[in-house]
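Peer 1: Submitted below is the structure of interest, expressed as structure tokens.
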Amino acid sequence: MAFTPDGLPPLRDVVAAHGLAPKKALGQNFLFDLNLTAKIARSAGPLEGFTVFEIGPGPGGLTRALLAQGASRVVAIETDPRCLPALSEIADHYPGRLEVVEGDALKIDLAAIADGAPAGIVANLPYNVGTQLLINWLTADPDAPFWSSMTLMFQKEVGQRIVAAPGSNHYGRLGILAGWLAHSEILFDVPPEAFTPPPKVTSSVVQLEPLAKHLPCQLDKLERVTQAAFGQRRKMLRQSLKPLGGEALLDKVGIDASRRAETLSVEEFCALARAL
Ligand code: SAM
């Protein structure tokens with residue numbers, strides 16, 4: 001068997017040896033290109049001294065890149081038990097640096113595992129649960145986030161929604177939540193053919209860093225306002241926000257009732273949430 005620069009077998013051989021035929025229901029689109037996995041790991045910044053969470057390591061391509069890049073501690077959470085033998089070979093190769101947790105990342109409390117240590121999240125996320133995972137991490141504790149950076153692969157359209165500014169077609173609830181709590185940017189796009197099997201659409205690697213201080217407002221109120229406003233995205237706010245007070249609420253914060261949701265800044269949504 002041929003070996004790669006990290007001394008482990010090529011990923012295609014790992015997949016064949018462990019019978020890891022990709023399962024669509026688990027969002028399994030694997031990365032075999034070592035240059036690409038190294039680029040993602042490098043984009044995450046210095047990893048020494050960090051607990052790096054990787055969601056969905058699969059056969060371990062990105063996991064290996066993170067370890068080769070110097071991550072002191074990688075905690076990899078994988079729901080598919082078929083991947084565990086391949087991951088334990090990587091753990092043996094990097095003694096004491098890789099912990100594999102079998103389970104559903106939607107139900108696992110990363111903050112509790114990090115236990116106050118500096119933490120980052122780096123992942124080629126399963127697309128079916130990627131947005132919900134991001135929302136969970138963003139909102140886990142808005143005043144004291146457990147993560148200091150996230151470097152995540154999403155479908156490009158989701159990436160555009162995360163970084164969207166007012167006035168953009170992609171601007172909506174996700175962009176407001178992300179903009180309230182973090183600075184985010186799309187680092188680079190990844191074409192479908194980089195994955196096995198190729199997904200239908202282009203993907204993007206997005207980086208998020210928490211804001212030193214977010215605008216004061218309560219998460220549940222912000223969600224109520226953005227849900228109402230974008231639930232009827234094309235209507236004027238006097239109409240879409242009617243259940244929350246309509247014109248009276250808008251008057252309180254000096255926002256013209258004839259405006260539409262997508263024209264309001266994150267600051268204006270926070271002001272509405274505070275006035276609720
Ligand atoms: N990191 C690998 C790579 O880049 O080649 C695999 C990425 S693949 C897009 C997504 C991975 O997430 C799969 O290994 C899949 O089994 C796993 N996964 C899917 N749903 C999950 C969940 N709820 N919790 C943890 N892992 C999950």
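Using the three backbone atoms N, Cα and C, a Cβ is placed for every residue, glycine included.
Okay, so TrEMBL annotates it like this:
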BINDING   ASN29, LEU31, GLY56, GLU78, ASP104, ASN124  S-adenosyl-L-methionine binding site
DOMAIN    36-212  domain 'Ribosomal RNA adenine methylase transferase N-terminal'
Peer 1: Show which residues of the chain containing GLU78 (S-adenosyl-L-methionine binding site), separated from it by at least 6 in sequence, have their CB under 8 Å from its CB.
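Peer 2: Long-range Cβ contacts: GLY56, PRO57, GLY58, LEU84, LEU87, VAL100, VAL101, GLU102.
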Peer 1: With a 10 Å radius around each C-beta, find which of these binding-site residues (ASN29, ASN124) has the fewest other C-beta atoms nearby.
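Peer 2: Checked ASN29, ASN124; of these binding-site residues, fewest Cβ neighbours within 10 Å: ASN29.
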Peer 1: Out of LEU31, GLY56, ASP104, which has the highest number of nearby Cβ atoms, where nearby means within 10 Å of its Cβ, if these are the binding-site residues?
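Peer 2: Result for the most crowded candidate: GLY56.
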Peer 1: Summarise the model confidence on the domain 'Ribosomal RNA adenine methylase transferase N-terminal' (36-212) as a single mean pLDDT, whole number.
Peer 2: 97
Peer 1: For ASP104 (S-adenosyl-L-methionine binding site), what is the secondary structure state per DSSP, taken as helix, strand or coil?
Peer 2: coil
